[in-house]
Structures are given as structure tokens and as C-alpha cells.
Amino acid sequence: MLRIFLLSLGLVTALIVGPARAAVIPAPVSIQHGNGFTVLPLPLQLLGVDAALVSEQQLLQQYLNSADIAFGGAAGPGIGLAIDQALTASAYRLEVGGTGVSIVGGDQAGVLHGLQTLRQLLAQADISEQGVQLAQLVITDQPRFGYRGMHLDVSRHFFDVDFIKRYIDLLALHKMNVFHWHLTDDQGWRLESKAFPRLTDVGAWRSGTVVGHTHDAGAMSDGRRYGGYYSWDEVREVVAYAAQRHIMVVPEIDVPGHASAMIAAYPELGCGESQAKVQTHFGVFPEILCPSDATFTFLETLLTEVAELFPGPYIHIGGDEVRKDRWEDCDLCDALMKAHALEDHGELQAWFVNRTETIVNALGKRIIGWDEILDGEVRPSATVMSWRGQEGGIRAARAGHDVIMTPLQHVYFDFYQGSSVDEPMAIHGLTRLPDVYAFQPVPAELSAKERGHILGAQANLWTEYVPTETDAERMVLPRMSALAEVLWTPVEKRNFEAFAQRLPALEAQLRALGYELADSHYKPHIKASENDDGSFTVTLESLAQDMRYRIDGGAEQRYSAPFTVAKSGAVNAWTTQHDGSPLGDARLTLVDHAARGATIHGAMHAAALVDGRLATDRIFRYPEWASFGPEGMDVVIDLLHPAAVSSVSIGWQAGVHRKLFRPTAVSVLLKNSQGEWQLAAELDREAIAALDGHRIELNFPTATVGELRIVAASDQLHWSEEQSKDVPSTLKIDELVIR
């Protein structure tokens with residue numbers, strides 16, 4: 001029985017010595033440690049329970065396994081649950097004393113939060129055949145924010161009900177109380193409709209899924225039919241499962257954009273003669289609901305079904321990334337704009353949102369929309385979800401809207417978790433564990449009244465590149481743990497170093513419960529800053545203590561403090577695990593050359609071309625590359641000092657996880673004695689196509705120059721699923737190394 005009990009807690013073997021201090025995440029408001037211990041005999045005794053806590057009693061039984069707990073005991077030591085309305089909602093008080101464990105909540109949710117804390121304490125306890133030994137303590141706790149959420153996109157990739165429940169269990173363990181269920185998008189409609197069966201007959205299935213990144217050169221679908229949807233019974237099952245754990249489910253029905261699947265099922269909802277399909281690639285597509293009376297009649301019927309299935313106060317209506325192409329070529333839209341004195345299509349979108357809100361309000365619900373709904377005049381009753389940074393949330397709060405903060409810089413969990421090249425593929429971006437923990441949901445520039453509109457925050461897991469349940473778990477864990485502390489713990493009690501010390505205990509518990517966790521935060525992250533003498537100071541960051549590195553493939557060195565690289569050097573770093581095996585493959589190649597730090601004319605983000613850091617052996621990240629459209633690259637480099645040069649090396653291909661477009665011609669020009677540009681070296685399409693590697697090198701006779709002109713053509717077209725036509729290829733260029 002002992003082993004079963006340990007497994008139910010999230011442990012595989014008994015601990016010999018318990019921790020001196022409770023490692024609880026999120027950190028409670030107050031922990032007072034006592035001097036003694038309390039032993040709870042096995043099976044654990046559940047003492048008299050308040051009749052209002054039957055559901056929490058059932059959850060405790062599930063958490064601990066029915067064989068390990070006895071109910072109805074009158075004497076301790078055991079576990080007692082009670083409600084004290086003197087406490088605030090969701091608050092709890094947990095005491096480990098001489099008679100056992102007492103959990104008192106301000107309501108049922110508070111008791112459940114106390115049980116989640118108890119689960120962590122039990123998982124760290126000394127456990128033997130005699131019982132469970134817990135350190136005596138008193139925890140007083142309550143959440144900082146009323147809205148503490150996690151999102152899951154089930155359109156791009158579908159997850160069955162069993163996984164949705166496992167996901168909700170994660171939220172409950174982390175004391176989160178909102179599950180944002182993104183049910184519809186261009187790549188699939190996932191909610192059964194009794195009134196409109198084609199939404200799932202057609203809209204739930206796509207003909208394939210893009211292989212690799214959707215913006216890769218040569219990206220193609222795998223041609224395998226993919227899809228799925230949730231029946232009404234399954235939705236009700238999920239909603240009830242979440243409700244027992246005091247988690248509100250917020251459904252998202254994305255309108256008027258991201259509507260390809262809806263319009264593929266019912267083409268009459270689009271503008272004109274729509275050729276919409278359920279999309280196989282990812283991105284932002286032109287399919288948009290036409291703002292006709294027929295569309296709103298359809299939405300009224302559909303949203304009535306949604307309101308029946310989801311008892312919570314909100315329906316999320318999307319409103320993000322709305323391309324107006326179809327509206328701009330629509331007579332009905334022109335007539336609507338004229339009739340309602342709408343100046344542009346942004347105001348037409350606001351009109352669409354307001355009319356949709358009227359439908360939702362009539363159903364007794366409120367709408368949530370992504371921050372693009374602020375582009376026109378929407379009613380203050382709409383709740384705004386601020387994702388493109390915090391600016392939208394600031395605007396919304398000042399305009400009287402309630403706000404849920406979810407800025408991509410901190411809480412987009414589809415972004416990479418680390419920069420090590422052995423990280424699994426993600427969409428783009430980088431959101432490391434410290435970035436999540438540094439998130440401050442309440443902008444400092446808001447007044448006290450405006451801050452009252454910040455309901456809380458959530459993280460989003462978009463699943464374009466998250467195809468499996470294991471992938472989904474790894475993308476949210478342990479970043480969810482960091483966010484949980486941001487949303488629960490008072491800001492003055494938050495400390496990342498303390499969080500990092502508590503994290504391994506929770507990670508061990510989660511792994512023993514069968515969850516997959518990322519190890520990105522235990523791999524090195526390399527940072528480099530440039531010094532006045534041209535050298536670089538290199539810093540390695542990791543939660544692991546034992547970091548190692550090499551420079552230019554030289555001797556292995558143990559990292560103890562920032563070190564200097566004298567102008568050039570390829571740094572490779574990893575951590576050493578307890579068994580001696582390496583973890584991670586972090587790379588940063590620093591190069592010194594004649595153009596480093598030079599002035600460049602003719603390029604946006606020009607610094608990426610001459611910052612002395614190569615991106616061609618790293619995971620692709622947009623800030624490390626300069627982008628050029630169909631005109632290609634034509635830049636003039638003003639060197640800091642005249643220099644003798646004879647070669648130019650151009651980076652064009654990413655290290656891993658992206659396939660970029662190759663230039664079709666490159667040339668280097670130098671000025672002659674008359675000050676005219678003269679060709680020094682060139683490579684044509686055929687020569688470039690024959691080259692291997694991620695860089696293109698051009699050589700020419702040595703010349704002393706103060707400036708150079710480098711041209712890279714990009715005249716190739718590629719098929720765009722987003723545009724449904726051939727479009728010019730974007731050229732990405734890394735460091736221009738001139739020697």
C-alpha cells in the first residue's frame with residue numbers, strides 16, 4: 001500500500017529526509033514554520049467534513065487513492081476540511097498541528113486550493129509504513145488576481161477529452177481558475193453544432209498539415225486527412241470536470257476573421273463567391289465573415305448553442321488578425337459603411353463586434369475579444385485580452401474596459417523556451433522561464449482606478465507546431481508554474497531565485513504523475529555584450545549549477561563567471577547532469593571583421609548585419625536577421641575606418657528549424673577612382689544553387705576602401721497558401737562578414 005500511496009502523491013520512492021522548509025508553488029502569502037512534526041498514520045483519516053465540501057472530499061479521495069484514506073473519522077491525527085466565511089473567497093488557511101492537518105477555506109474553491117498545497121506537502125514528506133511525517137506549520141494564503149488562466153488551441157492540433165482533463169488537472173494543481181478553450185480557427189472547427197452540422201462534417205477536417213514551418217522555402221502539406229471535434233456530451237463532461245475543480249471554461253468562437261473552416265462549411269457566410277477551404281498551412285488568411293443579416297442570424301443561432309453548453313459568464317469572440325481584403329471588394333460592406341457613417345474597415349470591424357456583442361449580451365453573457373477590437377469604437381462592456389504587448393491593455397483600461405493581460409513577450413507558450421539548438425521546433429520567438437516570472441500584469445503607468453480593470457492574466461498555447469499531447473505538456477511545463485506564482489503570490493514576495501529553489505520538488509511530482517516537462521531552463525543560455533576594446537563579455541545563464549563551455553573547439557572549461565572572448569570565437573556551452581551526461585547545445589559565434597559596427601544604408605534592422613554575431617548556426621529568431629522584400633538587398637556599408645578587404649561572406653540560411661530562401665544572385669561593388677561603383681565579384685543563380693552551407697562567400701582582389709556596396713537579388717516566387725497565389729520570396733540575411 002505504501003508504494004501505491006507514494007505514486008498517488010506523485011512520488012516513486014519514499015524520501016529519507018523531508019525538506020526543512022515547504023517548497024510550495026505558487027508561494028503562499030504567509031508560511032509560519034513550527035518546531036515539531038506530526039505523523040499521520042496510514043490509511044489517512046479524513047475527519048468530519050462540512051456537508052458543502054462533498055466535492056472536495058471526492059477530489060481528495062482521487063488525489064490520494066481510495067485505499068489510502070478512511071472517511072468519517074472523529075479523532076485525529078487526520079485531515080479536516082471546513083469553510084469559514086470570515087475568510088475571503090478563494091482564500092484558505094492550512095495548519096499542520098498536533099491533531100493533524102486542518103484546511104479551512106473562505107469557500108469551496110479556497111478549500112480546494114488548500115488541498116493542492118497539501119498535495120505538494122505530502123509529496124515532499126517523510127513517508128514510511130508508520131505513516132506520513134509532516135513538519136508543523138501554518139499557511140495563510142489567497143490569490144492576488146481573480147482571473148488566473150491558461151489557454152489551449154485545439155484547432156491547429158486536436159486533443160481528445162482525456163487530455164483536456166489532464167490539462168485542467170494541471171491548472172487545478174497550480175491554483176488557476178480559467179480554462180480558455182480555443183475551439184475554432186482556419187485549420188479546424190472543433191465544436192458540434194446541432195443547427196449547423198456541416199461545421200463538423202466539413203469544417204472539422206483538413207486535407208493535410210504543413211510539414212516543417214509554414215513559411216519555409218518549399219513548404220508542403222503532408223496530404224494526410226486530419227481533424228476531430230467535441231460532441232455536446234463531451235463538452236458538458238469537460239465543463240463539469242472543470243467546475244468540480246472551480247475552473248471556469250471560456251469558449252472561443254473566432255469571428256469575423258480566422259473563419260476559413262466556418263466558411264468552408266457554409267460558403268454563404270463569406271463575401272462574394274468564396275472558395276474557402278479548411279487550411280492546411282498556418283498564418284493569417286483572407287477568409288472573413290460578411291457582415292450581412294444572414295451572417296448575424298447564423299451567429300445568433302450558433303451562439304445560443306454555445307451559451308447553453310458553457311454556463312460561465314463569458315464567450316470569447318476572437319476579433320484578432322482580421323484581414324479586410326474581402327470587405328474591401330464587397331458592395332454590401334460599402335453600403336453598410338455608408339449607412340452607418342463608418343470611415344474605414346476598422347470601424348466596420350468594430351460595428352461587427354458590437355452587433356455580435358448584442359447577441360451575446362441577450363444570452364446573458366459578456367464578450368471577450370483580442371486587443372484588435374479596440375481599433376474601432378467598441379462598448380466599454382467588452383473585456384479586452386491584450387496580446388500584442390501591454391499597450392492594448394493600457395488603452396482598454398483607460399477607456400473603461402476590463403482587461404486580461406496576455407502579452408506575447410511573456411506568456412506565449414508556443415515560443416521557444418531556450419536558445420539551445422537541440423530545442424524542439426516552435427513557431428518563433430523566445431520566452432524563457434525567467435521571462436515568464438518577470439511578467440508584471442499591472443502596468444505601472446495606470447492610475448489606481450484604471451488598475452482595478454486588470455482582472456488578471458493568462459498564458460496561451462497555440463498549437464501550430466505542437467502536434468502531440470507530450471509536446472503540449474512540455475511547452476507549458478514548467479512555464480505554467482512560473483505564471484501561477486505571478487498570478488497568485490503578492491508581488492513583494494516574488495523572487496526568482498527562491499522560485500528556482502522550490503521548482504525541482506514540483507517538477508519531480510509532475511514527472512511522477514506522468515507529465516512531460518521541458519528541461520530548457522537547465523540548459524545554458526548565452527549572452528554577449530561588446531566592450532569598448534572590441535572584445536566580448538560572455539555570460540552563461542541556467543538553473544543548473546554545473547555549466548561547461550569551449551571556445552573554438554578548445555579545452556572544456558567549467559563556467560564560474562562571465563569570461564572574455566577577444567573579438568572572435570565560437571562559444572559552445574552545455575550543462576553536466578548528475579550522471580555526468582551533457583545537456584544542451586548552446587552556440588554563439590562571435591566574429592570580428594572590417595564592417596563590424598559600421599553604418600549601413602538601405603536596410604531596416606541593419607544592426608543585425610554588422611553586430612559581430614552569427615545567426616547561421618542558431619535557432620532562427622527574427623531579431624537576428626534583416627529582411628528584404630522582392631526588391632532584394634542593396635546596401636552601402638560605411639566602414640568605421642578605411643580597410644584592405646578581399647572577401648565578403650553573406651549569411652542566408654538558419655541553423656535549425658527553418659528553411660530560408662536562397663538569394664538568386666549576389667554581387668560586391670567597390671568605388672573606382674572616379675567615385676563610381678564598379679563590380680568586384682558576383683555569383684549567379686546557378687553558382688549559388690551549387691553551394692553548400694549556410695553562408696555565401698565572394699572573393700576579389702584586395703582593395704583599400706571606406707565603403708562597399710553589396711547586392712543580393714531575390715527574384716523567385718513561391719506559392720502562398722495565405723494569398724492563394726505566387727508571391728515574391730522574402731530574403732533573410734545575417735552578418736555581412738567583410739575581411
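Glycine too: its Cβ is placed from the backbone N, Cα and C atoms.
From a predicted model like this one, the values you see are computed outputs, not experimental measurements.
Taken from TrEMBL, the feature active site, proton donor applies to E321. Look at TrEMBL and you will find 23-142 tagged as domain 'Beta-hexosaminidase bacterial type N-terminal'. Residues or ranges marked as domain 'Glycoside hydrolase family 20 catalytic' in TrEMBL: 145-490. Residues annotated as signal peptide in TrEMBL: 1-22.
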In the chain carrying the residue listed as 'active site, proton donor', residues 6 or more apart in sequence that have Cβ under 8 angstroms from it: G257, H258, V284, W370, E372
Per-state residue totals over the domain 'Beta-hexosaminidase bacterial type N-terminal' (23-142) - DSSP helix, strand, coil: 33 helix, 54 strand, 33 coil
Rounded mean pLDDT for the residues that make up the domain 'Beta-hexosaminidase bacterial type N-terminal' (23-142): 91
